[in-house]
Amino acid sequence: MSSQKIGIVGSGLIGRAWAMLFAAAGYRVQLYDILESQLATALQELDKDLHRLEEQGALRGHIRASEQFALIGVTTRLEELTREAVHIQECVPEVLQLKKRLYSQLDELLEEQTVVASSTSTFMPSLYSEGLKKRKQMLVAHPLNPPYFIPLVEIVPAPWTSPSAVERTRDLMLSLGQRPVTLKREIQGFATNRIQYAILNEVWRLVGSGILSVADVDRVLSQGLGLRYALLGSLETAHLNAPGGVADYFQRFGGEISAVSATYGETPNTQEDRETLAEIARQCEQLVSLEKLDERRAVRDEFLIQLAKLKKQFE
Ligand code: NAI
């Protein structure tokens, strides 16, 4: 149990999720937002969510929901947030100018021991930290939604981020029970979106060329590959799929992999290919209408809780 202070900038969806993760591990959490009303709503939501998770038997950590909630405070003053914080998790909207403005304010306030991690899904850390005095203390720690049930965090340093900031962020994530991966250097899309986009490009091509329906292309993952991938990565999957392990796998199937890969064709232009987009949207909305998206998200999260429990046993 720790009494170290964690600051969170932005109390929206992701900021609140981080607040719950840190409080579950016993950290003192302070949430900062520009809107006082947003902080009041965030506290109400947190209180509700923590107690709901407790009722479902899905609360993380070893202390009760009310004790976790008591660890979370709020402020609308950035200078109060930065005071004595060991880590600040930035969760403001995905707008580069907004992030840049915030980081230059933080640059004036950061204490020496504080690391600032951005939750950004898209911006490499050099894009907003270049030229700042405290840029060594800044990096990306990108979660996946919903972070409470998906443990992966991508830690991405800028070229100037200090190795100790990277190491401390990694240790901190492990102390929450999250599963960090550390990129050696920043790259557009980090790792998750690079892999996710490779999949999206190919399902787009398969639907766009009329080979598979949306329901069927999604079944390839949800009823096929995804079941293995929920437990193992693609390389360990390959390792288990040949008698002599991964080297044997690529010896046997490498030729086929290259031959199929040569037929992929161009990267789809998902903004300009309106015909395919309209078809994908039509079929997706037949599967889940726009009015039912929230309901479906709730079901997904409910079953993610079960999956997270099962994975713990697997590990
Ligand atoms: P959100 O819109 O739910 O919340 C943003 C919060 O930031 C709001 O409470 C807003 O009042 C506050 N805010 C705006 N300007 C601010 C400022 N200057 N200072 C302090 N607070 C400010 O956004 P969400 O979805 O929580 O996203 C936050 C970050 O997390 C983004 O960088 C996003 O890319 C990243 N992320 C989002 C995921 C998602 O699925 N929503 C998944 C992984 C990362």
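Each Cβ is built from the backbone N, Cα and C atoms, and glycine gets one as well.
Note: TrEMBL annotation is automatic and uncurated.
Here TrEMBL flags 5-184 as domain '3-hydroxyacyl-CoA dehydrogenase NAD binding'. Residues or ranges marked as domain '3-hydroxyacyl-CoA dehydrogenase C-terminal' by TrEMBL: 189-256.
Each residue of the domain '3-hydroxyacyl-CoA dehydrogenase C-terminal' (189-256) gets a DSSP state, and the totals for helix, strand and coil are 52 helix, 0 strand, 16 coil. Model confidence over the domain '3-hydroxyacyl-CoA dehydrogenase NAD binding' (5-184) is summarised by a mean pLDDT of 97.
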